[in-house]
Each structure stands twice: as C-alpha cells, then as structure tokens.
C-alpha cells in the first residue's frame with residue numbers, strides 16, 4: 001500500500017482526473033453524429049458503446065468505436081505509469097468511471113467492456129490474452145456476447161491474483177463489479193432466456 005501511495009495524493013488525484021477526462025469522451029456518440037447517423041442513444045439499447053453502434057449497420061464505425069473506447073483506457077494508464085504503479089491504477093479507475101459515468105452525458109455512459117480491455121492491455125497484456133481466450137471460447141460455444149464478457153471479466157481479477165499482481169487484481173475486482181452492475185439488464189435477459197445471440201438479427 002505504501003508503494004502505491006508513494007507518488008503522493010496530488011499525483012494520484014491528477015492521474016484519476018486524467019483518466020476520467022479521457023474515459024468520459026463519448027466516442028460512440030461523436031462518431032455516429034459525424035457520420036450523419038444522428039444520436040446513437042435513440043436506437044437499440046440506447047447505449048453509446050460499440051455493440052449499439054453496430055446496430056446502425058456500420059461495422060467500420062462500430063470497430064472504430066471499440067478501438068477508441070479501448071484506447072481511452074490504455075493511453076492514460078500508460079501516461080500515468082511514468083509516475084508509478086499507484087498513479088497508473090488511479091488512471092485506470094478514472095478512465096473506467098469516465099466511460100461509465102461521463103459528466104457530459106448526465107453520467108449515463110457505456111457498459112465498460114472495451115475500456116476494461118484497454119486498461120487491462122496497459123496493466124497486464126498476459127491477462128488480456130486469457131480474457132480474450134475466455135471471451136472467444138464462450139462466444140463461439142454459446143453465442144452470447146454479454147455472457148462471454150461477464151465471465152471473462154469475473155475471471156480477470158482471479159487470474160491477476162494468481163499471477164501475483166495483487167494491487168492490479170484489486171482494481172479489476174472493482175472494475176468487474178461495476179461492469180456486472182452495468183450489465184444488470186443483460187443478466188436479467190440471460191436468466192429469462194431472452195438475451196440476443198451473436199449473429200441473430202431482430
């Protein structure tokens with residue numbers, strides 16, 4: 001704990017704010033508006049993430065949203081890592097909170113999967129590979145994107161802990177809990193058998 005706080009509270013707070021400022025950029029909304037598609041919040045789930053952008057029929061735009069939402073998790077963490085591990089973790093938390101609760105949109109943001117991935121890429125690429133393997137395996141077998149993301153996110157802190165990254169594991173325990181909370185509607189649909197499957201239209 002002492003090591004994590006070594007940079008001092010002003011630096012930790014600055015890293016948190018930096019992360020939040022990056023995470024709060026609503027790329028899904030910005031890209032769809034620039035593409036002349038209107039407000040993405042008015043279609044599908046009303047979410048600003050890549051999955052809902054895909055419902056516009058623009059795969060390239062959805063891919064760009066996914067990439068940008070991931071990078072806004074990766075870049076502030078990498079920048080803050082120059083100050084130490086504590087600031088890097090603070091920036092990761094800030095980026096994730098910014099994506100979920102952007103001040104510009106009345107604190108109504110995305111569900112966090114892409115930004116979760118982006119933060120994980122910066123802090124533990126090896127664990128990201130495990131995340132991807134779990135997601136792809138379940139997505140291929142069960143055809144549920146949400147279930148795959150939920151399972152992979154739940155496994156992430158356990159994998160990090162097993163690898164000896166206690167502080168990072170603690171951060172991702174918090175991020176995974178928030179991700180599950182934001183996916184509450186998906187969890188209810190999964191339980192009811194009404195969740196949409198990958199590749200299914202309508």
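Glycine is treated like the rest: Cβ placed from N, Cα and C.
Here Swiss-Prot gives transmembrane segment for one range in the set 32-52, 53-73, 116-136: that range is 116-136.
Between the transmembrane segment (11-31) and the stretches 87-107, 116-136, 158-178, it is 87-107 that has the most C-beta pairs under 8 angstroms. Non-local neighbours of the transmembrane segment (116-136) in the same chain are 69-75, 77-78, 81, 88-89, 92, 95-96, 148-149, 151-153, 155-156, 159-160, 163, 165, 168, 171-172, 175-176, 179; each lies 6+ residues outside the stretch with a CB under 8 Å from one of its CB atoms.
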